[in-house]
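This report concerns only the one structure given below.
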Amino acid sequence: MEEQGNNESAYISSILPGWFSEISPLWPGEAHSLKVEKILFQGKSDYQNVVVFQSSTYGKVLVLDGVIQLTERDECAYQEMITHLPLCSIPNPKKVLVIGGGDGGVLREVSRHSSVEQIDICEIDKMVIDVSKQFFPNVAIGYEDPRVKLHVGDGVAFLKNVPEGTYDAVIVDSSDPIGPAQELFEKPFFESVARALCPGGVVCTQAESIWLHMHIIEDIVSNCRQIFKGSVNYAWTTVPTYPSGVIGFMLCSTEGPAVDFKNPINPIDADDSHTKTRGPLKFYNSEIHSASFCLPSFAKRVIESNAK
């Protein structure tokens, strides 16, 4: 998360002239800006600054500590991919844990899978949940599913108390590795995730941008290869309002039944029963699933070198 969020006056001044500019030490020397039509909400939780504004081109925008988390226009590219890449890679997922994801978008997508019987979500910041329900009802609709059980608290602590082998899938929808999300990128956390997964279980975690964060990605890949004895893969998608316009995901499986992440065996786009309550998929399909694992050469060299 952005250090600027700790200086409230500096942060607010960045949106007063009519433009919001996202500035962070994680992407030095550049900024992405959106025109602000109206500021809808400003608050400070126990963990971070929370802002919602109406933009002129991307609809409503949720910002945490100065960093865009989602916009109404392009949230589908992130929420659908971080959810369906893992869940469409295993047969009949039944128990799913979401770490983070307080806006409810991942819940919305998990709830499309009829095989799922239990959806636990652990989000540390209740303000994010409340604000999302108020301003992003089409995203937060996931909370309305009766299979969802909300745990407000620290995801790291929650995982430590989960019985071994509980979940078929864990989805880690974290913000950037600064502030409250820092621990979600570290080795002990991945060890807890692996322990919570059943044999052949899968995890998908937000894994930064290949254009900006190859040093972070390299560390994540190295840690995951030590911990997850099944498969370790990196995929990516395009999200226009994220830094560099792309965001990546680590997809890993535990030892057990083999998981071929690149070839979905549980295609959600072949089943339209979920569209009545959740609407049609806007971004994900089986073709883009497989294509998301194709990496540019510079990233492929770094990621594959960790396999040796």
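Glycine is treated like the rest: Cβ placed from N, Cα and C.
Going by Swiss-Prot, these are the annotated features:
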| type | residues | note |
| --- | --- | --- |
| DOMAIN | 17-254 | domain 'PABS' |
| BINDING | Q48, Q79, D103, E123, D154, G155, D173 | S-adenosyl 3-(methylsulfanyl)propylamine binding site |
| BINDING | Y78, D173, S174, S175, D176, Y242 | putrescine binding site |
| ACT_SITE | D173 | active site, proton acceptor |
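By neighbour count, meaning other C-beta atoms within 10 Å, the densest spot among the binding-site residues E123, D154, D173 is D173.
Under DSSP, Q79 (S-adenosyl 3-(methylsulfanyl)propylamine binding site) is assigned to a helix (H, G or I) in the three-state scheme. In the shown protein chains, 25 other C-beta atoms lie within 10 A of the C-beta of Q48 (S-adenosyl 3-(methylsulfanyl)propylamine binding site). Nearest to Q48 (S-adenosyl 3-(methylsulfanyl)propylamine binding site) in space, judged by Cα atoms and limited to the binding-site residues Y78, S174, Y242, is S174. DSSP gives G155 (S-adenosyl 3-(methylsulfanyl)propylamine binding site) a helix state. The binding-site residues shown are D103, E123, D154, G155, D173; of these, the one with its CA atom nearest the CA of Y242 (putrescine binding site) is D173. All protein chains considered, the CB of D103 (S-adenosyl 3-(methylsulfanyl)propylamine binding site) has 27 other CB atoms within 10 Å.
Counted within 10 Å of its Cβ, the other Cβ atoms near Y242 (putrescine binding site) come to 24, all protein chains included. Of the listed binding-site residues, namely Q79, S174, the sparsest CB environment within 10 A is found at S174. For D103 (S-adenosyl 3-(methylsulfanyl)propylamine binding site) paired with Y78 (putrescine binding site), the C-alpha to C-alpha distance reads 12 Å.
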